[in-house]
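Worksheet: one structure, shown below.
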Amino acid sequence: MTKKRHLFTSESVTEGHPDKICDQISDSILDAILAKDANARVACETTVTTGLVLVAGEITTSTYVDIPKIVRETIQGIGYTRAKYGFDAETCAVLTSIDEQSADIAMGVDQALEAREGQMTDAEIEAIGAGDQGLMFGFACNETQELMPLPISLAHKLARRLTEVRKDDTLSYLRPDGKTQVTVEYDENGKPVRVDTIVISTQHHPDVTWEEIDRDLKEHVIKAVVPAELMDGETKFFINPTGRFVIGGPQGDAGLTGRKIIVDTYGGYARHGGGAFSGKDATKVDRSAAYAARYVAKNIVAAGLADKAEVQLAYAIGVAQPVSISVDTLGTGKVSEDVLVELVRNNFDLRPAGIIKMLDLRRPIYKQTAAYGHFGRTDVDLTWERTDKAATLKEQAGL
């Protein structure tokens, strides 16, 4: 069956979006704890609304961190520093409700999970079960240099650029909240050929005109990010299409940790298991196994074994080995998917403790992932973005 030209859309949000504020607070708390106690168990959820931050969750640690201080520093770093923005780091109320991890959950995970993954025997790694059941997906494709789908790649770059021009005062009238969306046209062979539509909504000072925002964003944001050859006379631009976006951030919408899971991953281009990332330490397979699945998929594509690869992992609580591993190359594989699954089993340790060891996940590295995507990042060195297994996979596949 001949494929038709089609459109695909992905969105991103800035670090000042209410849900992303929550992700960054949760991961800032996680990082602060991991910096002092690498073996801490953290499941930290945040919600924000007008003038209020609530931090709740289960944390088991030997250290102390000043959660209200971390919350205020995070909000200040994002740029909510004045009451007229509708949310202010100094004056917002911060409530906390923290318990320890359930003993029933800990029983299935504990065994030998100390800071000695480097010296652990295979039997000890095998003894450490997953912290929950669940399924996780990882994806990679050769549409971009970072092996990510083009729509989400461009949406993230636009969102990041919105923040840059706000913080460096290029467009000093911008305020922290904002969203971007990119629609890409694909040809009959499934290759991206042009950008069809760009949508940007950004919070702004009440006195700036829509015409000024429209002109400035096209010049300083879109032109700076989207390659000229991808845009043409038919490309459509919707800049603040409601005409006004003054009330934003937590004053405009309540926010919650883990509510931007598609923004965090592949923009809807690949499937998602449903688990969120932020605020969770690496014993939570929602996070660590999703990172591992991306690592596997990226190395498969980097090795030239497929143009696209979607990897699914699934776990049972308290059990170390994945209950299933599957690879779907969407018809682009150079070897069979059975061969790819065998290569994955032979070259990647996908047990929870094995993932932590393989990707070195007991470090305070998570706040930097909490805005602009966890995958395809070129601005920070993330272990799951490395392609150090590609040569081995290619050789073992006989290519």
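Backbone N, Cα and C atoms are what each Cβ position is placed from, and that goes for glycine too.
According to Swiss-Prot:
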- H17, D177, G178, K179, R244, F245, D253, R259, K260, A276, K280: ATP binding site (BINDING)
- D19: Mg(2+) binding site (BINDING)
- E45: K(+) binding site (BINDING)
- E58, Q101, D253, K284: L-methionine binding site (BINDING)
- 101-111: region 'Flexible loop' (REGION)
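Feature map: annotations from Swiss-Prot on the structure.
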{"residue": "H17", "record": "ATP binding site", "Cβ within 10 Å": "28"}
{"residue": "D19", "record": "Mg(2+) binding site", "Cβ within 10 Å": "23"}
{"residue": "E45", "record": "K(+) binding site", "Cβ within 10 Å": "20"}
{"residue": "E58", "record": "L-methionine binding site", "Cβ within 10 Å": "16"}
{"residue": "G178", "record": "ATP binding site", "Cβ within 10 Å": "29"}
{"residue": "R244", "record": "ATP binding site", "Cβ within 10 Å": "11"}
{"residue": "D253", "record": "ATP binding site", "Cβ within 10 Å": "16"}
{"residue": "K260", "record": "ATP binding site", "Cβ within 10 Å": "25"}
{"residue": "K280", "record": "ATP binding site", "Cβ within 10 Å": "27"}
{"residue": "K284", "record": "L-methionine binding site", "Cβ within 10 Å": "24"}
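In this structure, the C-alpha atom of D253 (ATP binding site) lies 17 angstrom from that of the residue listed as 'K(+) binding site'. In three-state terms derived from DSSP, K260 (ATP binding site) belongs to neither a helical nor a strand segment and is classed as coil. The binding-site residues near E58 (L-methionine binding site), taking a 10 angstroms Cα-Cα threshold over the set D19, E45, G178, K260, are E45. Within the model, the region 'Flexible loop' (101-111) shows a mean pLDDT value of 55, rounded to a whole number.
Pairwise Cα distances among H17, D177, G178, K179, R244, F245, D253, R259, K260, A276, K280, which the record gives as the binders of ATP, peak at 36 Å. Distances between the Cα of K260 (ATP binding site) and those of the binding-site residues D19, E45, K284 are shortest for D19. If you compare Cα positions, R244 (ATP binding site) sits closest to D19 out of the binding-site residues D19, E45, K284. Between the CA atoms of the residue listed as 'K(+) binding site' and D19 (Mg(2+) binding site) there is a gap of 11 Å.
Secondary structure at G178 (ATP binding site), taken from DSSP and collapsed to helix, strand or coil, is strand. For K284 (L-methionine binding site), the nearest neighbour among the listed binding-site residues (H17, D19, G178), judged by C-alpha distance, is D19. Look at D19 (Mg(2+) binding site): DSSP puts it in a helix. Here G178 (ATP binding site) is positioned 11 angstrom away from the residue listed as 'Mg(2+) binding site', judged by their C-alpha atoms. The DSSP secondary structure for the residue listed as 'K(+) binding site' is strand. DSSP classifies R244 (ATP binding site) as coil under the three-state reduction.
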